[in-house]
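Taken straight from TrEMBL:
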BINDING   D90, L91, T92, R117, Q133, D137, R286, Y290, Y291  L-histidine binding site
COILED    350-377  coiled coil
DOMAIN    3-59  domain 'WHEP-TRS'
Amino acid sequence: MADRAALEDLVRVQGERVRGLKQQKASAEQIEEEVAKLLKLKAQLGPDEGKPKFVLKTPKETLTGKYGEDSKLIYDLKDQGGELLSLRYDLTVPFARYLAMNKLTNIKRYHIAKVYRRDNPAMTRGRYREFYQCDFDIAGQFDPMLPDAECLKIMCEILSSLQIGDFLVKVNDRRILDGMFAICGVPDSKFRTICSSVDKLDKVSWEEVKNEMVGEKGLAPEVADRIGDYVQQHGGVSLVEQLLQDPKLSQNKQALEGLGDLKLLFEYLTLFGIADKISFDLSLARGLDYYTGVIYEAVLLQPPARAGEEPLGVGSVAAGGRYDGLVGMFDPKGRKVPCVGLSIGVERIFSIVEQRLEALEEKVRTTETQVLVASAQKKLLEERLKLVSELWDAGIKAELLYKKNPKLLNQLQYCEETGIPLVAIIGEQELKDGVIKLRSVASREEVDVRREDLVEEIKRRTSQPLCIC
């Protein structure tokens with residue numbers, strides 16, 4: 001045992017030496033030599049019988065090289081040993097890493113979790129440094145554009161059901177962008193940085209984007225002008241067909257593949273009944289480096305025309321695209337798994353809803369409780385407990401204040417503050433008559449309901465879906 005302990009100490013020391021050399025960016029030959037020594041020591045240890053076995057993969061470098069110019073928004077950290085770590089920027093890269101580590105080639109999933117951006121917060125626009133995203137992804141080898149069309153259908157269904165106003169989903173294809181840059185004369189080395197400039201066209205004018213391309217990124221003015229002729233176009237399938245006949249763009253293999261897929265995509269979107277929500281927009285670039293094909297972004301068309309509302313400036317509310325090469329970046333053998341997905345900004349949706357309710361001077365409902373069990377006089381705690389238990393057993397979402405003798409006014413105010421729509425009031429006279437007084441918090445109307453009919457009456461009144469608009 002003593003010999004083994006000494007050998008384990010040698011392995012630990014040698015492991016620290018290897019990590020130190022990597023942090024110092026020593027030569028590859030020196031690192032390989034020390035790694036070989038480490039492996040030799042580990043071989044002498046032999047198998048660890050009876051000990052649990054873990055498959056560990058260091059997160060270092062996992063996020064780098066995936067986000068283009070947005071990489072500056074990644075939160076970089078270091079652990080106690082000095083290893084470079086990062087808070088996750090999105091849910092897509094961790095998903096791709098999970099597929100590679102577990103050798104999965106086919107999966108459909110959704111995921112809601114926090115992500116982090118080293119950005120300037122803008123609360124009114126739903127922009128935070130820590131926030132939730134809801135992602136949906138389809139991974140696997142399938143016929144062209146079928147998973148992509150389903151993702152767009154899901155995006156439209158979600159945004160329609162949320163009733164946050166009219167929206168438009170812009171679509172483009174990274175292959176069309178790359179082909180367009182090539183025929184316009186953009187050097188290969190500048191494709192991604194120019195792509196990031198084009199992606200700003202939804203926020204600033206073409207002249208500002210052109211000035212950035214020429215003044216900051218060194219692009220020739222005539223090349224920028226040629227790009228401008230293309231990226232200011234948008235439309236539907238007719239624009240796709242028009243570009244398929246473009247004498248220059250149609251000669252580029254990448255662009256031709258992208259246009260062919262977009263034409264097929266519009267056919268599927270028409271069958272899904274959402275083609276009127278989709279716009280082919282050549283200015284959509286999506287600055288993330290991992291996209292390889294179709295890309296899309298949902299934006300509100302305009303502030304909803306309701307009296308008293310302020311303009312809502314939250315930008316895009318959902319986005320996504322195809323990323324066929326990302327899984328291969330994490331696979332030791334570079335095996336690719338085609339993927340497509342979408343991401344919805346949860347806080348941005350909340351910002352829209354909250355601003356709208358505030359403009360209409362409506363309360364934000366903070367509970368799902370359907371009814372508060374209240375009492376009109378003192379010494380009725382037992383009756384309140386009996387009634388709330390009956391309602392719980394019947395599947396009614398009910399609650400009561402945690403006081404023996406709460407004042408009726410306080411109970412009613414609690415309902416108004418939290419958005420509870422109904423109050424079931426117990427009084428001495430109601431107990432004698434075998435009824436419960438059911439009060440609507442909004443209208444303040446009160447009716448006597450027989451106790452045996454109370455559950456059905458509450459269900460009837462609360463069965464209408466809650467509109468958040």
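Backbone N, Cα and C atoms are what each Cβ position is placed from, and that goes for glycine too.
Structure coloured by features recorded in TrEMBL.
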residue : record                   : Cβ neighbours (10 Å)
D90     : L-histidine binding site : 21
T92     : L-histidine binding site : 27
Q133    : L-histidine binding site : 20
R286    : L-histidine binding site : 23
Y291    : L-histidine binding site : 26
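Max Cα-Cα distance over the annotated L-histidine binders (D90, L91, T92, R117, Q133, D137, R286, Y290, Y291) is 21 Å.
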